[in-house]
Amino acid sequence: MFNWVKTAMLMAGITALFIVIGGMIGGTRGMTIALLFALAMNFFSYWFSDKMVLRMYNAQEVDENTAPQFYRMVRELATRANLPMPRVYLINEDAPNAFATGRNPEHAAVAATTGILRVLSEREMRGVMAHELAHVKHRDILISTITATMAGAISALANFAMFFGGRDENGRPANPIAGIAVALLAPIAGALIQMAISRAREFEADRGGAQISGDPQSLATALDKIHRYAAGIPFQAAEAHPATAQMMIMNPLHGGGLQNLFSTHPATEERIARLMEMARTGRFD
């Protein structure tokens, strides 16, 4: 429940930030235009992002004939989660990782790298795919699409304000110093909120995945393995498309500096600790 409340508050925050910047550029009209612009971008992302992401990673759809064990695992977990069967994809990459995409549970897809199938045991793989199906069940793909779109739009509007200035409610030019401050600080604030939402949704997917599989310990050991192996194996497709990093079960990017604030994922140690506590107590709340 805490993660859902936190997500709602952060979503409200990023929406407010977006509208305020629109207002600084052009008063009420600016806010209206900004909101309509965000809605248009969200609509496009909502309907087409899954196809774009799968194409970026050259993901190949599989079925019960081409990947029988993996496909049956996903089907069994989808049944346990009371979800429609998603499309199942494999990505020919050594880096161990997985993600879910799709605009809703009826149009969902899950994908895993060939590397993760080699690294994890069957029980651990069940934990990972249960985590991805929890994202589908919680409609996190929609949430991440909205936040990523709005964070990008905030940056674009802030740059517009810096280079072209803004207008107040009466049409007078806005304070240029305020415009520069907005251009510098608003994109950072938007990114911070976006990352915080992503981390909250990862915690919630860990909890939901543990409920679906009934085995939080296996997800914990899977995260530990993925973290250790991924550190030494570059994920080239993810490095080429860093905006998709938040979709993965483990952050595939290798960067430093202010990592906790700008990371799309919580610290692996904290995720493991929470899952082990679930395993110890048998409670998933």
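Positions of Cβ are set from backbone N, Cα and C atoms, glycine also.
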Given that Swiss-Prot assigns His131, His135 to the Zn(2+) site, pick the one from Glu61, Glu202, Glu239, Glu269 that the record assigns to that site as well.
Glu202
Taking just the CA atoms, what is the gap between Glu132 (active site) and Glu202 (Zn(2+) binding site) in Å?
10
